[in-house]
């Protein structure tokens with residue numbers, strides 16, 4: 001439209017001007033200016049697109065490399081815990097296997113969804129629903145398993161004589177089944193709430209935004225239920241882990257308690273408390289991002305979201321491998337043996 005008005009003004013100027021050379025010069029000069037402005041705008045747009053693409057490539061590489069590394073380490077840890085009968089028959093390592101399994105699945109799903117977001121792949125609502133609900137299921141397994149592991153350490157330190165009768169393989173299996181059933185019940189409620197949304201009124205099931213857990217809050221009740229459930233779970237888990245930690249500290253002061261074992265259990269519980277706090281942040285980061293998106297530009301929001309993904313999603317899922325892979329004297333030599341491709345000096 002502006003170009004048309006410019007041509008009209010130029011014609012009027014030519015008709016009103018007595019000298020034709022001046023008219024031609026003004027038209028040519030105006031055309032050159034318009035062409036120069038369009039070229040400059042195109043160059044700026046191309047430069048912005050190039051910078052955005054380069055930034056996405058750099059961020060994806062920096063985020064994908066540590067995620068793939070810890071996926072590999074977690075896979076080796078899972079194989080290690082199934083390689084010897086001593087690990088398969090010890091309740092502590094059975095719980096660790098369950099924790100590592102859920103963390104590994106969550107890492108893989110999160111990395112897949114991150115790659116889809118970076119590549120601007122917009123799935124349909126059913127596909128995104130399956131991915132987000134599986135992500136949510138494995139995300140809820142971790143804090144509940146941490147609570148069971150902390151209770152096991154509490155019994156081992158405070159009631160060492162009754163530990164073998166309380167913490168058995170059968171009771172551990174029941175606890176793991178209860179953890180998965182409780183988490184699955186939460187996902188089932190979320191699915192039922194999601195199905196109340198009138199999808200038939202949508203022109204298409206194709207999503208218009210990236211696939212994320214927050215994008216599936218299509219019903220207001222889903223958001224309220226998620227906040228209530230998350231608050232209840234993490235408040236209960238925090239109280240349980242804190243009470244276990246206090247109980248171990250009190251038991252460590254007793255003369256009848258093994259000081260070395262109590263000190264090691266106390267440090268383990270403290271690391272689990274930190275891990276639980278980071279996992280709690282991972283469930284709250286969506287609310288933080290939504291709040292910031294109302295005041296900050298979209299590019300900055302993407303950068304903050306990527307940073308949160310590294311420090312809140314990836315880091316807590318890697319702590320289990322570091323806590324037990326490096327600190328546990330039973331697992332460490334076997335883990336190093338498999339990590340070093342079964343070299344004889346690590347056997």
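Glycine too: its Cβ is placed from the backbone N, Cα and C atoms.
All annotation found in TrEMBL is predicted automatically rather than curated by experts.
On a predicted model such as this, the values are computed, not experimentally measured, just so you know.
Annotation source TrEMBL lists domain 'G-protein coupled receptors family 1 profile' at 73-324. Across the domain 'G-protein coupled receptors family 1 profile' (73-324), the model assigns an average pLDDT of 82.
What TrEMBL records for 57-81 (among others) is transmembrane segment.
Among the features that TrEMBL reports, transmembrane segment is placed at 93-117 (among others).
Remote same-chain partners of the transmembrane segment (173-197), defined as residues 6 or more beyond its termini with a Cβ less than 8 Å from a stretch Cβ, comprise 94-95, 98, 129, 133, 136-137, 140-141, 144-145, 148, 216, 218-219, 221-222, 225-226, 229. The transmembrane segment annotation in TrEMBL covers 173-197 (among others).
Away from its own ends, the transmembrane segment (228-252) comes close to residues 140, 143-144, 146-147, 150-151, 153-154, 157-158, 186, 259, 262-263, 265-266, 269-270, 272-273, 276, 279-280, 283-284 of its chain (Cβ-Cβ under 8 Å, at least six residues beyond either end). Here TrEMBL flags 228-252 (among others) as transmembrane segment.
Annotation source TrEMBL lists transmembrane segment at 273-296 (among others).
Among the features that TrEMBL reports, transmembrane segment is placed at 308-326 (among others).
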